[in-house]
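The structure appears right after this line, and notes come after that.
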């Protein structure tokens, strides 16, 4: 009868050897799955890269960590910026030479200041406005009465300002390459070498005219000013003003910062900045194999087999009303 044949078939399926249900899994299925899982899953294939050359990001060698090697150069940048600012200040100061005069008829205070761009002094005679307190006259680059150290200072101080700015800019680029990471060493070496050379050159350009003017002050050299300047033919005595002092300080700072840039050396051994990139293929394979093992273990569970057998018997049994 149909009902008896269905019951016999269900009974045979229930008495079947549990290992026979998965006879092909340990041999063919698992072996086939293992062969498939030796290659990384497709979803990870686009993320896996070939092994790079040493020194590149994500390799076993890693990118060298150079930030700890540029502390002195960072200090040099700060020193160079301060030196550059002081150079600009010295360029604009009028107190390069301080003249002391006896005639106070025009120069009321008895003190006149001679810079590289103008001369100034206090006067109550030449100034008609109550709001004005200082009388100044400008000096140009082509003025014939100016001694050679003054036009030389005008040119070289401007050149020092431009060259010093270039040195600091090159140092900023070099520090950027160091702190933000760069695989090649040559740009870092060139940047610091250029920064050092420009900074030393800027310090030398400003130190030369400053020393020259200082020597003229020490020797008490006079300047034959035209009548419109209302300056005496020669001072009683003269002394170096704040402009020369600030300028010499700025020159020394620029030279010192340049030497700091030139002293940069790459570390002998550099620790990797980034740890090696994870092997995504092994991650994907292990996850898939773990899921497969759990699935096979669950199928070996007798409770799972009995439940599956009951489902099969319920689907194959057709009781006759």
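Each Cβ is built from the backbone N, Cα and C atoms, and glycine gets one as well.
Note that TrEMBL annotation is computational and uncurated.
For the ranges 131-154, 155-178, the feature annotated in TrEMBL as transmembrane segment maps to 155-178. Ranked by number of Cβ pairs under 8 Å to the transmembrane segment (98-117), the listed stretches 70-91, 155-178, 190-212, 240-264 are led by 240-264. Away from its own ends, the transmembrane segment (155-178) comes close to residues 66-67, 69-70, 73-74, 76-77, 80-81, 83-84, 87-88, 90-91, 116, 141, 187-188, 191-192, 194-199, 201-203, 205-206, 208-209, 247, 251, 254, 257-258, 261, 264 of its chain (Cβ-Cβ under 8 Å, at least six residues beyond either end).
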